[in-house]
């Protein structure tokens with residue numbers, strides 16, 4: 001990256017930071033809040049049409065997501081993979097890639113970690129070494145998987161949105177091919193799975209809670225990636241490429257390398273989510289890995305406006321929604337897919353709200369007033 | 001002939017022929033819908049949602065009314081509804097049509113799963129196939145040639161759409177809107193209106209494609225009914241270079257790839273079932289990698305399209 005650093009004028013980031021920064025931030029918060037309120041109203045109308053009470057619904061979501069210590073821990077447990085898959089969408093988005101393949105990278109990463117664990121566990125390797133190898137395998141597998149979509153984009157001009165989704169289906173097929181074939185544990189009769197890694201190898205919970213370590217790793221990674229994207233030459237070059245690829249090329253930036261690198265970081269994040277699903281939740285790879293975390297992560301990243309730090313609270317919000325799903329199902333007799341409907345409404349309204357940016361005068365910095 | 005009819009190769013080919021015709025029908029409808037939308041210069045990645053919602057609505061309406069064709073119509077209307085939302089939201093300034101497509105995919109499938117819970121168990125009247133292979137006297141061939149009328153509707157539609165684009169004023173307006181919005185404006189055409197109508201109509205076709213999934217093949221409603229066919233159709237349109245007739249051929253090719261897995265099962269090869277099932281995705285990826293930047297693709301692509309830039 002040395003030649004890249006030389007190509008960028010040193011004053012460029014500072015010049016952007018000079019203006020008042022509260023204005024745009026307040027605008028983002030206001031518009032996102034407005035979008036969430038509008039979604040809640042639309043979903044309430046939907047509930048009223050089908051004869052359910054919106055008030056009960058939101059009370060139950062609060063109760064099931066944050067109401068008790070138990071439910072909050074359940075929320076955090078579900079937020080952990082969402083932080084990682086949210087990052088997996090947000091990082092490539094900064095360089096202008098719309099990659100929706102986190103689900104596939106999660107599955108292939110989780111599967112790779114479970115597969116590599118089989119010889120290690122049977123030969124009695126120490127748990128710490130096994131876990132380290134498993135995590136590396138998951139990140140490498142996931143990273144290579146999405147790097148392929150990034151490379152296809154750069155080298156062949158293949159639309160990355162479509163290719164990353166196709167790779168997701170291929171990843172799921174690969175996992176089932178092995179889990180129901182060569183790597184199937186004969187003991188798993190009803191639900192074909194790989195050999196369990198065993199309780200002594202599995203990552204425990206954060207002491208004093210029932211939340212696994214994936215949450216803290218996710219938060220730390222969100223912080224690290226924020227620094228990478230906002231405070232380093234690499235991040236600046238990536239954002240410049242996202243804003244104007246031709247200008248980046250003209251500046252002599254290694255656009256191809258940047259694109260593939262951002263795609264690989266995304267896959268590594270999602271692969272890590274798969275690793276935690278295997279090493280902390282299920283103990284083996286099976287159909288439970290295909291749980292839709294990758295797809296919810298897209299929505300998380302959009303709501304966080306592709307900011308790695310904002311991904312964390314948004315992921316917790318959606319973790320709460322998922323955690324409350326069971327309670328809503330039992331108490332109100334609504335199918336668990338009602339959460340999917342709510343997510344879909346939030347998603348569409350949120351994207352429609354993009355049109356509001358720059359319209360209200362009060363958010364504009366004084367110098368820029370046109 | 002009779003000796004050949006008993007061989008495994010014959011069974012495989014017949015199973016693939018029948019499979020290609022069956023599997024290609026939903027591809028054809030979604031691809032034609034996407035083709036119409038993209039010709040107007042907008043992309044709709046959310047047709048997967050239309051497909052799933054259409055499948056669910058068609059099954060439910062067919063169950064309640066006893067008429068599968070009413071179900072097909074209702075499926076089209078549900079697709080029209082989703083397409084209209086997509087068309088309206090994308091009309092707003094500063095809104096990204098690819099992202100909205102992903103959101104509509106989530107919304108459409110979520111709505112279908114929600115509304116479809118009560119219809120997983122009951123069985124609804126299905127669309128009757130036309131037996132075209134009785135004369136051969138070979139049961140397996142007769143079964144493969146029992147073709148659903150929607151297949152022929154799709155082909156007629158492709159021919160009609162091709163004629164529409166080439167020979168009508170409306171077709172010219174749609175093509176101009178897709179190639180150059182300023183030129184369309186200079187003609188006095190409302191670009192937003194044309195794109196809105198093209199997106200809504202494209203959504204209608206994708207909904208009809210969904211009805212085939214639940215009312216003909218596989219022929220029942222469940223949540224795993226569609227696995228990316230709606231998105232593969234978008235890739236298919238690029239491969240077909242925005243030509244309705246070529247969309248039909250491409251749909252048949254994709255259908256044949258999708259039929260490999262079940263056809264191998266028919267001759268008793270169960271090993272690698274999941275591998276063969278992944279064939280259509282791998283094929284799509286290879287086709288996109290080889291065709292995305294070809295000379296022809298650049299020439300035939302609508303100029304306003306964000307996905308080929």
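The backbone N, Cα and C atoms fix where each Cβ goes, and this holds for glycine too.
Quick look at what TrEMBL annotates:
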- A:25-48: transmembrane segment (TRANSMEM)
- A:79-97: transmembrane segment (TRANSMEM)
- A:104-122: transmembrane segment (TRANSMEM)
- A:128-152: transmembrane segment (TRANSMEM)
- A:164-183: transmembrane segment (TRANSMEM)
- A:210-228: transmembrane segment (TRANSMEM)
- A:249-273: transmembrane segment (TRANSMEM)
- A:285-304: transmembrane segment (TRANSMEM)
- A:309-328: transmembrane segment (TRANSMEM)
- A:340-357: transmembrane segment (TRANSMEM)
### Query
Is it the case that the transmembrane segment (A:309-328) and the transmembrane segment (A:210-228) have 3 or more CB pairs under 8 Å, with pairs at least 6 apart in sequence?
yes
### Message
Tell me if the transmembrane segment (A:25-48) touches the transmembrane segment (A:340-357). I count contact as 3 or more CB pairs below 8 A, with pairs 6 or more residues apart.
### Response
yes
#### Entry: Top partner of the transmembrane segment (A:164-183) among A:25-48, A:104-122, A:128-152, A:210-228, A:249-273 - counted as Cβ pairs under 8 Å
A:104-122
### Task
For the transmembrane segment (A:285-304), name the stretch out of A:25-48, A:104-122, A:128-152, A:210-228, A:249-273 with the most CB-CB pairs under 8 Å.
A:104-122
### Message
Quick test of the contact rule: Cβ under 8 Å, at least six residues beyond the ends. What residues does that give for the transmembrane segment (A:210-228)?
### Response
70, 73, 76-77, 79-81, 83-84, 87, 91, 203-204, 234-235, 265, 269, 272-273, 276, 280-281, 307-309, 311-312, 315
### Summary
For the transmembrane segment (A:104-122), the distant same-chain contacts (Cβ-Cβ under 8 Å, at least six residues beyond its ends) come to 81, 85, 88, 129-130, 133-135, 137-143, 145-146, 164-165, 167-172, 174-175, 178-179, 183, 194-195, 197-198, 201, 266-267, 270-275, 277-279, 284-285, 289-290, 293-294
